[in-house]
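Colleague: The domain 'F-box' annotation in Swiss-Prot covers 3-50. The repeat 'LRR 1' feature in Swiss-Prot is assigned to 9-34; the stated evidence is experimental evidence. Residues annotated as repeat 'LRR 3' in Swiss-Prot: 75-100. For 110-135, the entry in Swiss-Prot reads repeat 'LRR 4', with the evidence type experimental evidence. Per Swiss-Prot, the feature repeat 'LRR 5' maps to 141-167. Annotated repeat 'LRR 6' per Swiss-Prot: 168-196, in sequence order, evidence recorded as experimental evidence. What Swiss-Prot records for 200-225 is repeat 'LRR 7'. Taken from Swiss-Prot, the feature repeat 'LRR 8' covers 232-257, and the record attributes it to experimental evidence. Swiss-Prot lists 332-356 with the feature repeat 'LRR 11', giving experimental evidence as the kind of evidence. Residues or ranges marked as repeat 'LRR 12' by Swiss-Prot: 357-382. Under the heading repeat 'LRR 14', Swiss-Prot lists 410-436. Residues or ranges marked as region 'Disordered' by Swiss-Prot: 445-465. Annotation source Swiss-Prot lists repeat 'LRR 16' at 508-532, citing experimental evidence. If you look up Swiss-Prot, you'll see 541-565 marked as repeat 'LRR 17', on the strength of experimental evidence.
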Amino acid sequence: MASTTLSDLPDVILSTISSLVSDSRARNSLSLVSHKFLALERSTRSHLTIRGNARDLSLVPDCFRSISHLDLSFLSPWGHTLLASLPIDHQNLLALRLKFCFPFVESLNVYTRSPSSLELLLPQWPRIRHIKLLRWHQRASQIPTGGDFVPIFEHCGGFLESLDLSNFYHWTEDLPPVLLRYADVAARLTRLDLLTASFTEGYKSSEIVSITKSCPNLKTFRVACTFDPRYFEFVGDETLSAVATSSPKLTLLHMVDTASLANPRAIPGTEAGDSAVTAGTLIEVFSGLPNLEELVLDVGKDVKHSGVALEALNSKCKKLRVLKLGQFQGVCSATEWRRLDGVALCGGLQSLSIKNSGDLTDMGLVAIGRGCCKLTTFEIQGCENVTVDGLRTMVSLRSKTLTDVRISCCKNLDTAASLKAIEPICDRIKRLHIDCVWSGSEDEEVEGRVETSEADHEEEDDGYERSQKRCKYSFEEEHCSTSDVNGFCSEDRVWEKLEYLSLWINVGEFLTPLPMTGLDDCPNLEEIRIKIEGDCRGKRRPAEPEFGLSCLALYPKLSKMQLDCGDTIGFALTAPPMQMDLSLWERFFLTGIGSLSLSELDYWPPQDRDVNQRSLSLPGAGLLQECLTLRKLFIHGTAHEHFMNFLLRIPNLRDVQLRADYYPAPENDMSTEMRVGSCSRFEDQLNSRNIID
């Protein structure tokens with residue numbers, strides 16, 4: 001009797017199985033062993049990202065007939081205008097070929113340096129509903145005002161609902177006239193994303209008012225702007241009121257100051273100044289947006305007495321689930337234990353982020369933990385009055401719901417203190433971000449902080465004791481059998497469900513102390529992101545030869561890494577005497593990476609801002625070639641063709657790409673290593689190899 005195979009399963013069961021497999025490579029593997037699954041996969045797949053060289057688009061198969069979401073932004077050579085290198089007649093033929101292979105496209109992502117590529121592609125799919133444009137290069141001066149957007153509204157006006165410009169560098173004066181010119185199309189837009197990180201000043205007040213008037217049916221609006229009253233046409237009370245009046249259907253609103261986008265870790269001093277946004281206007285805005293579900297206001301200047309407005313937010317926007325506040329003061333004063341105030345009254349929140357709130361105290365955190373009983377995600381940044389006691393209490397109160405915690409730029413919360421604070425959920429947390437700030441005498445510092453808190457805030461300590469009695473949390477008994485004098489567990493922690501870890505570390509520091517802080521047992525950690533930031537110029541040579549990546553080998557399931565040295569600044573060329581150039585720093589950062597069993601790596605090389613160069617060095621290429629298990633490698637910078645050839649020694653490497661996804665991206669191919677011919681030759685060699693599996 002013949003054995004039963006996967007193909008013998010009924011189509012209904014096979015379809016259910018296929019819907020449970022989300023990983024693209026796993027689906028492709030299943031397609032190789034089952035003809036039924038192959039036919040089902042090809043006929044039902046709706047999302048497709050095309051990689052490979054743009055010159056080979058004619059070889060795209062025509063079996064994916066149900067594709068509705070098509071991403072062409074990662075074609076190689078990355079960052080070049082699609083089809084521009086081909087003769088005009090070939091360009092039209094390739095555009096028609098794409099239409100034939102994917103006839104039902106409704107969502108399109110494309111990298112465009114000029115409107116010519118849009119003029120070719122968009123007529124092929126007149127029923128497009130969503131378009132995402134990408135461009136990190138400077139806008140060409142010969143493009144007429146609004147020229148980047150006219151093809152979109154001209155060819156897709158009948159069905160267009162969503163426009164995403166979050167990764168598209170453009171001039172802010174380009175968009176409002178086009179929206180006015182195509183008023184009927186603008187009126188149908190429900191999603192507009194203008195949160196572009198490459199802006200220096202962002203959208204002006206009058207431009208935001210014009211945009212929201214042209215798009216009265218917006219449900220999602222994200223924009224980068226300037227709240228600083230010292231700037232011309234800054235965003236203040238009038239602008240916020242106009243947004244609420246013109247777009248009352250908003251469910252998602254993000255308004256972020258460009259200074260926060262340029263330097264997200266900045267902690268303003270007492271001289272930061274006040275914004276032109278008042279609590280009274282915020283109450284009016286919240287009243288005008290009753291459907292709001294997600295709100296981000298990162299103002300960059302102090303918003304005083306915001307607690308009253310946040311109390312109104314709870315009563316006016318009952319559907320609110322996600323809230324992020326930057327530079328808001330008085331978010332939760334917690335002056336009375338019996339009465340919750342400020343953001344603590346927003347009991348429906350599932351995600352809360354508080355940034356640079358100078359007057360937030362431990363008692364405020366405890367009140368938030370009591371009031372926001374549905375929190376699954378919590379982020380705190382730049383809150384200097386918060387200590388390990390308050391954060392630990394808040395985490396304990398929400399131990400049954402919290403799975404994602406991010407702690408950064410809090411002077412009283414170094415690495416050890418942060419981990420002690422979230423210890424009550426060490427067996428439940430799935431995603432974590434902390435700063436790697438090492439302390440020589442951690443216990444003494446923690447004890448000192450507690451004593452200082454007791455001396456300065458007796459009333460708050462009394463309230464803290466009452467909170468212990470009322471809440472009856474007993475995390476010590478749950479998580480450990482013995483505790484030290486500060487109430488922290490002395491047994492080893494096991495981070496059973498931790499899957500993603502994000503770390504920030506200052507340049508010149510070492511990663512090696514990380515396991516000794518209590519993060520040594522993470523059996524299910526799959527992905528890690530490490531951001532190294534700082535100025536190498538003037539730094540002494542590190543005492544040890546390596547940064548410490550080899551210490552990550554103790555995580556058995558670690559397979560994905562993002563190593564971001566993009567904000568590490570140094571000398572790309574010859575360094576002054578007694579200093580290290582970036583190639584030596586890159587050797588310091590990457591030494592030991594070959595000991596990790598990584599399958600995917602995103603790497604941002606350090607940069608020299610004076611010459612706008614982020615390039616993989618010879619030591620860097622030599623160390624990356626030691627990652628023998630890599631399958632995907634994306635270098636967010638440039639590299640010599642000779643250095644790229646080192647990577648061909650990685651046996652199973654399938655996908656490699658150079659991406660200058662930073663502003664301004666290198667403009668002239670002759671001044672960089674990212675020439676079309678170089679990239680094409682390397683990809684040809686990569687694709688000609690036999691891959692074992």
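Every residue, even glycine, has its Cβ placed from backbone N, Cα and C.
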Colleague: Near the repeat 'LRR 3' (75-100), which residues from the same chain, at least 6 beyond its ends, have a CB less than 8 A from one of its CBs?
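Modeller: Tertiary neighbours of the repeat 'LRR 3' (75-100) are 50-55, 57-58, 60, 62, 110-114, 116-117, 120-121, 123-125, 136-137, 657-660, 665, 674, 676, 679-680, 683.
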Colleague: Please indicate, using numbers and ranges, the residues of the same chain that are 6 or more beyond the repeat 'LRR 4' (110-135) and have a C-beta under 8 Å from a C-beta there.
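Modeller: Result: 69, 72-73, 75, 78-84, 91-92, 95-96, 98-99, 104, 143, 147-148, 150-152, 154-156, 158-170, 191.
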Colleague: Restricting to the same chain and to residues at least six past its boundaries, which positions have a Cβ under 8 Å from a Cβ of the repeat 'LRR 11' (332-356)?
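Modeller: Residues 267-268, 298, 306-307, 310-311, 313-314, 318-326, 363-368, 370-383, 404, 406, 463, 466-467, 470 contact the repeat 'LRR 11' (332-356) from elsewhere in the chain.
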